[in-house]
Amino acid sequence: MTTTAPAGKPVGKVPADEMERLRRRYGRRHVAARCGVYGAAVTAALLCALPFLWSVISAFKQNQDLYNPESNPFFFNMPATPDHVTFLFTDTPFLTFVVNTLIVGAAVVAITLALALPAAYSLARLDRPWGTPMGIAIFMVYLVPPSLLFLSLTRVVVALHLENTLWSMIVVYPTITVPVSVWLLIGFLKAVPKDVEEQAMVDGYSRLGAFLRAVMPLVFPGIVAVVVFSFTLTSSEFVYALAFVSSSPEMVISTGVPTQLIRGDVFFWQSLQASAVITAVPIAFLFNLFLDRFVTGFTMGAVKT
Amino acid sequence: MTDVKTEAEPVEAGGRRERPKVGLADRDGFLAWVMLLPSVVYIIALVGIPFLLAIAFAFSDVTTGDPSFDFVGFANFGDVFDDRVFWRSLRNTLVFTVISMLLIVVFGKILANILVADFRGKWFVRFLVLLPWTTPVALSTVSWLWFLDSIFSPVDWVLRNVGLIDANVVWLGQPGTAMASVIAVHVWRLTPLAAVIVMAGLIAIPKDLDEAARIDGAGFWRRMFEVTIPLTMPVIAVAALFGAILTFTDMTVPYVLTRGGPTHSTDVLASWAYFRGIEGGDVGQGAAIALFLFPLLLAAAVAILRAVRRLEAR
Amino acid sequence: METVEVKGLVKAFDGHLRARRGRSERVLALDGVDLAAEPGEYLVLLGPSGCGKTTLLRTIAGLEQPTEGEVLIGGHVVNGLPPRVRQIAMVFQSYALYPHKTVLDNIVFPLRAEGMERAEREKKAAWAAELLEITPLLRRKPRQLSGGERQRVALARALVRDPAVFLLDEPLSNLDAKMRATARDELKRFQERVGTTTIYVTHDQAEAMGLGDRIAVLEHGRVRQVGTPQEVYDDPADTFVATFIGSPPMNLVKRDDRLVGFRPEHLLPAENVTSERVTMPLRVERMEYLSGDRHVYGTVTGIGEETRVIARLPATVATPLAAGETHEFAVPADRFRFFDAAEGVRTAAVPIGGAS
């Protein structure tokens, strides 16, 4: 070799005690790195979830405990009470909101799949020259926000006599979910090897038959991911729900809770906190189950389109 | 060319004795359109037409009380420009967007790095981290309303007991802290989404590259800044622009947290359009305000396209 | 003193079913490996996929930590040390060039990590580029290079570190068949010029035979045999090595508690074997003509159980043969290898009937 290696580096040319020192140093570093990872993870989890912890504690507090500026918000200074949580279910329309949210969510998910699945297949597999630009165009629709459209859509909803009904949301929400779902599904479809449907076609199925019988079962996990994703988007939507529906029995959680559980200046604080936690936990749980799929879906859609 | 090719593929019916028929279900060109059409029609009907309608409303005197359409030219825009609240909300929107976006990207990147690391209890940490984003915005914002309450705020309680403040801050009652609160809640809510997108980018980096860098002697920071970040830049850009668009057009946090107050100091374009167009009933003016979102959105969309293009070029 | 040595190396991976079925699902990728590479040696790790050869290489590199055992580089135990202080350089199967950096930046990256002066590292990069004949490519990005050029860039990046050992992980498998022969030759010449100890992983026996000073044959995380290409071919330690190396593989005929092995090219029509030999009747079933050689598939009797065997007849043997005929074949007596039928390991020679 023409050049010598810089000092301090080569393992082969150091005395044994130096090696021992090195090993101890990297051992310590390794431990420090692990501690760092756990420290960072705990910090991140706390920053994100601390408000929910507060919510849970507040939800079970007695009024005198909660409405006392001096009492510790992290502890029950007086015995906990489930009264306010029961109140949420018995004396407020919260359950109606939950049912409405589920109805709207289910209907929107069904419409989304019916529209997005064939569209995604068409764009991902049928190789038309306009496939890629069309895919990007549909994706761009996702970027047209509710705040730009809610005024005119409100007029459309009124013209269709859908105002103050769940239908108004069922009809309009797929504008939000379809573009993202198409994007995600394209990713999942492209991950299915072409051979599979070509084999099905050679075995006597039509192109459509191959899609339904050979490809669909393989993208089923992707479909489940899209269902969860669409449902999450639907349940969070606020602007349309606020603009279209103003009568309590037809409201969904996201508008019902902030508008109906706040009467003038009277807040049912404990019940509000309980409703937030009750809604948040199942959705986050579902979402977490499918997180890896979204992540792969996102990348595949982005890289392969 | 593709059409010719499809016509020439009747053999696929394979194995049948009688002369194979080319059904519609076998024609790629036909299928491609039929499968795509419902989505396209639906989007044109409920996004395209309302969009044109929004433009039309901006030039009309439509109100909730009097839905008849009369063309009034640029009168709505004139009124909007004369209104100091509009300029205030435009400025608020920009401040809100730029600051939130920067924070979202930085925190999102850090969070993504934590989430791809390998540690025990990862599933539970991920669950907790996802909570802010998966909770319906309106609900989490209501929770924050309590945490920032003028008298009972737990945040103030902590700060008081640590000794940082003597009396409650009244977060939502002063223009500066109100805006800071709105931004904080928004960043808190969107960071998990940004993290998920960046995570997708991180996972897509071939493992070989990181290992090669480790063998080449690069430490954690060098790998981060010279390998990971340059390679995820397009994805980070996409996350940033998403964040920007979602922030720019968002009205939920200001609407629920402060109702635009105190005295319009947290009003953004979207919430102001809502107050004028729906609560004030002046659809024309509301539409004119909302339309201001569009040119900036378009710029962001073009930027996203270019980022995606670069992603493909890799 | 060996450059690289591993002692009693065990590496266990937890199976996918760990959570459900408890710890018993552990997979042993390395199951007690002892191996040493001498200074300047070209050591090839050869084995079928999943035999643990890549895990062994990655454990030496420090990318994996062994469950048990020691890795020594330059006589020092390096367990627990990160790759960067081990003084190794590695070329990955994919070459792992940084796609956003130019060729030059790729090459100087390890030097910058060491904190070398700018002028010095540029000089060194120029030297490496010169050696590998990639000087005209220095300003390009990896995606503008051909597979062979990428390989040379990856070698240059490995070379500038002055490593004690090069670790190469199937570097030829991403090249097409035509490129592979040239690239193999280049690799060999490169190592001869540089003279650095090299450990090379492959599943391709032609690569292993062509490149290696010594070959270590691995299977199921164990080293089955270490030796020169000639040793592993002519004197396989067990039936695995005997059948894994050589194409077509060694014929094995069961005889009592032994397996009698002989290479297809030593099984010739009896009249072509003049030395001390063992004859056996062979019923020809099928023949293939492959680049001048005749591969004869048939069944032999007489030296043990009736067994299907393959004979490889060079073009110089013109004996007329046809499917369905039975012909007298013979193997030179010193070409037989004997294995224990139960264990598969080599045993002493036993006399075979039919010798003449």
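Don't overthink the numbers, they just go from 1 along the chain as shown.
Glycine is no exception: its Cβ is also placed from the backbone N, Cα and C atoms.
What TrEMBL records for B:90-306 is domain 'ABC transmembrane type-1'. Annotated transmembrane segment per TrEMBL: B:30-59, B:94-116, B:123-147, B:187-206, B:227-248, B:287-308, in sequence order.
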Comparing B:30-59, B:94-116, B:187-206 for Cβ pairs under 8 Å with the transmembrane segment (B:287-308), the winner is B:30-59
Counting CB pairs under 8 Å, which listed stretch among B:30-59, B:94-116, B:123-147 touches the transmembrane segment (B:187-206) the most? B:94-116
May I ask which of the stretches B:30-59, B:94-116, B:123-147 has the most CB pairs under 8 A with the transmembrane segment (B:227-248)? B:94-116
Sequence-distant residues near the transmembrane segment (B:123-147) by C-beta distance (under 8 Å, 6 or more away from its ends) are 111, 114-115, 153-155, 172, 181, 185, 188-193, 195, 252-253, 256-257
